[in-house]
Every structure is written in C-alpha cells, then in structure tokens.
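Asker: Pulled from Swiss-Prot, these are the listed features:
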{"type": "ACT_SITE", "residues": "Glu160", "note": "active site, proton donor"}
{"type": "ACT_SITE", "residues": "Glu277", "note": "active site, nucleophile"}
Amino acid sequence: MIKVIVPDFSDKKFSDRWRYCVGTGRLGLALQKEYIDTLKYVKENIDFKYIRGHGLLCDDVGIYREDVVGDEIKPFYNFTYIDRIFDSFLEIGIRPFVEIGFMPKRLASGTQAVFYWEGNVTPPKDYKKWENLIKAVVSHFISRYGIDEVAKWPFEIWNEPNLKEFWKDADEKEYFKLYKITAKAIKEVNENIKVGGPAICGGADYWIEDFLNFCYEENVPVDFVSRHAYTSKQGEYTPHLIYQEIMPSEYMLNEFKTVRDIIKNSHFPNLPFHITEYNTSYSPQNPVHDTPFNAAYIARILSEGGDYVDSFSYWTFSDVFEERDVPRSQFHGGFGLVALNMVPKPTFYTFKFFNAMGEEMLYRDEHMIVTRRDDGSVALIAWNEVMDKTENPDKEYEVQIPVGFKDVFIKRQLIDEEHGNPWGTWIHMGRPRYPSKKEINTLREIAKPEIMTSHAVTNDGYLNLKFKLAKNAVVLYELTERIDESSTYIGLDDSKINGY
C-alpha cells in the first residue's frame, strides 16, 4: 500500500504547456474529410492551441510552380490548397506552428527524398529563388490573415537536419546557410514574426550549441530553439511492424533538461525552447503507440515536461498519416492519439484526463499529480506504467486529499488493459485490417474509459481515497461539491422500489 498525504496549500502552478501544440501528418492530408473530422474531435476534447506538420512546400500542397514564358522560367506561387488547409485550422480554433520544408522538386538541387510521399531533402539549387519563395509565402499569409494573427505563428526552419534522411549529408554548414537566408527573408517581410530551429532529433545536441553560436557570430535572427525527443532504441524490423525497447520516461525528461541548460549557457539564455515532436517510438509502425502502456508512460511526461520546456508537441494527433505508406490496417503502430475511423486510443484519454486538471498543483510524484481548480474542486491523476513482464504489477494507494467542502461527489475514469483499450478488442476480433462498420462501432464503444461515481463525507477537511491500479492503468478522480436536494422530494423513499 502506497500512502500519500496531499498538503492543503501549494504555491506551485501546474503548467499547461503540454497542450500548446500537437503534431500532424503532412499538411496535404488536411484536405481529407477524416483528417478534419478527427482534428475537430481532438480540439474539442483536448484543446491544443497549435498544430505542426511537414510538407508546407512539398509538391502535393502545390505552392511552388514554374511557368515557361518564351525562353524564361518564371516561378508561380499557388496558394489554393494551403489557404484551404490553414483556413480549416483557424476555423477549428487551432493555429499553425509553421515548419518550413521540404524542398519543392522544381527548386531542388538533387533528387534525394524521404517518406512514401517523397519530401525532397536537398538544398535549393538557387538560393535567390528560395528566398523569394519564402518572402512570397509569408507575405501571402499576412495578406490573408493579417500580421496580428501571423505574428502569433512560430516559423521553424526545416526538420531534423542532423539526419542524412532529412537533409542531404546532414551537412551542418549547409543547414546554417539555409537557416540564415530563410530567417532573414522572413524578418524582411515582418520583423515581428518568430523564427527558430534547428529542429534536430536526439543524439546530436552539439548542433544546438553550434546553431546558437552561429546565430550569435553571424547576427542571424533566432527567437526560439526547437528539438525532438523519442525514447526508443534500435528496433527489430518486420515487413509491416517494428518492435523497439522503450527507455524509462526520465530519459526524455533528462533530454529536456539538458537542452534547457545548453540554452541557458549560450549567448541567448532566455530563448523559448519548444519540443516540436515527441513520443515513445520514432516509428509509425510500432504497436506500442496503440497500447495502454503508451498512455501510462506519457502521463509522467505531461506531468513534468512543462518544468523544462515552453511547449512539447505530441507526434501526432491522428493515424491519418502516410510516412511509410497508406496505413495497411486499423491498428498498425501509428503515432496518432486517434486511430483510423476515429477510434480514440488510450493515450488520447491520458491527454483528455490532463485537460481536467487545475492550475494549483498540490502534490506530484513520479506516478501521481493532484491539482485544485479555481472553483475549489480537486483533480487527481495516477498511472502505473509497467516496463517489464512482472507477475505482480498492481499498485494500491491510500491518498488523503484536502477538500474544501463537507459533502463530496466522486467521479472516477479509468483506462487500463481491460478498460478503454480498443487495441485489445481489435486483437480479440482477429486483427481485422479493414473492419466492418459494426466492428468500428464496437471499437469506438470499447475505447471509452470505465466511469464510476460515488459520494463521501470529508473528515476534518480531508477525504481518504483508496484505489488500486492494474497494469498500465491511468485513472482520473474528480472531487466536486455535492449539493444534496433529496429533502425537497416529498415522500421520497427509495426502499419502496423493488430490490432497493
């Protein structure tokens, strides 16, 4: 039995930086109905403020085109699709966190590409045309949405240039050239627009030191630092899936701390620091993303990550995603909070649970957080991620919680291996690749958490709450004031109902 006594007062605030931004598949996917329907659903339930994805300048979005006029090739900037995409985002109430990339094929210096949809990762063959493209894009955004709006959008330059897969030869010097020209082009359009980078993945934090030194020495604009974070090791690949060992959650939190310290010790100690991608695995084919384990694992990141970064963006909100190809089955290890056919995964509910938290943080440890809301109600989240195949994974708790009212209504929501686990039900179904409408409805029904309610009376201002967490459980308790109006019902007597 784990016993916890929650103090009645705290001067600590719980940050909501975990919902500042969420990731998405390439922007061209936003032209699909299921994508937009899912984004609306996620926004309504979790209320992310920004959305970030690849592909702004890729050919499927169609911004950069060229016309042949006589003997001359003239650029043509086509904003038909990006207007439709960004209009949709803003109508839903979510702003773009703009990633500048990848290279339009007509402007590329080579043919190297990444992903099924062939994002070109080579430098521009003509940096002047690139500069003009950037100015045209930013100018169009300002013309359409106004500078007051666009000034709220961070502009991140490229994606993981420290990897050869994402930037030709992982050439740091060439990336710095691209960054300098791009950042200055954006600032020439309007100096109030925020620019940053280098958007690297883990294992290359020296890039951040080099990047900040470069910006200082070359007087290059930089308004924020960005990085990605994943905790999976090298994997075992199959034709359809990848299996990887996941390192403990403190590994990711330590990465957050390390980069924050690098920034503090740089020439720009006060720069905002954004984690623009994070998850357990970096592969969209790892089944871990579909599991209750992922939900329990991510809980600690949501609880503590805001201590070290200005935002951290879960990768991604939906399995409408095509890096490795069009998804081949209902569950396939996709990154999304929501699976195909709008089936919420367990991790979706971890985020939704955190959306219920208050600002005053009364208590926090590695497996629990307790907050008080403005109205005096209390919200508690606890989790039990199980990293190995232990025989006795359950944890029992007794928590004394300060509650500012005598009579308490208790609402409990729970996900674990047996509750709110559509992946498990899909396995019971026989793993149908393309489930029928009936099967999809069953998966949606199963995806909901178990909900239980009760009421209790406090003792000297405290409520004693006992509960058990099974393997990979995440639980949300909400304690609100109970107003009993039973005395207003004349002749009320439930004992006269058969069986009561």
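Residue numbering: from 1, along the chain as shown.
Every residue, even glycine, has its Cβ placed from backbone N, Cα and C.
Give me the lay of the land around each of these features.
Answerer: For Glu160 (active site, proton donor), the same-chain residues lying six or more positions away in sequence with a CB closer than 8 A to its CB are Phe166, Trp167, Ala199, Ile200, Cys201, His228. Secondary structure at Glu160 (active site, proton donor), taken from DSSP and collapsed to helix, strand or coil, is coil.
Neighbour list (Glu277 (active site, nucleophile), Cβ cut-off 8 Å, at least 6 residues apart, same chain): Gly23, Arg52, Cys201, His228, Ala229, Tyr230, Ser313, Trp315.
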Asker: Tell me the coarse DSSP state (helix, strand, coil) of Glu277 (active site, nucleophile).
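Answerer: In the DSSP reduction, Glu277 (active site, nucleophile) maps to strand.
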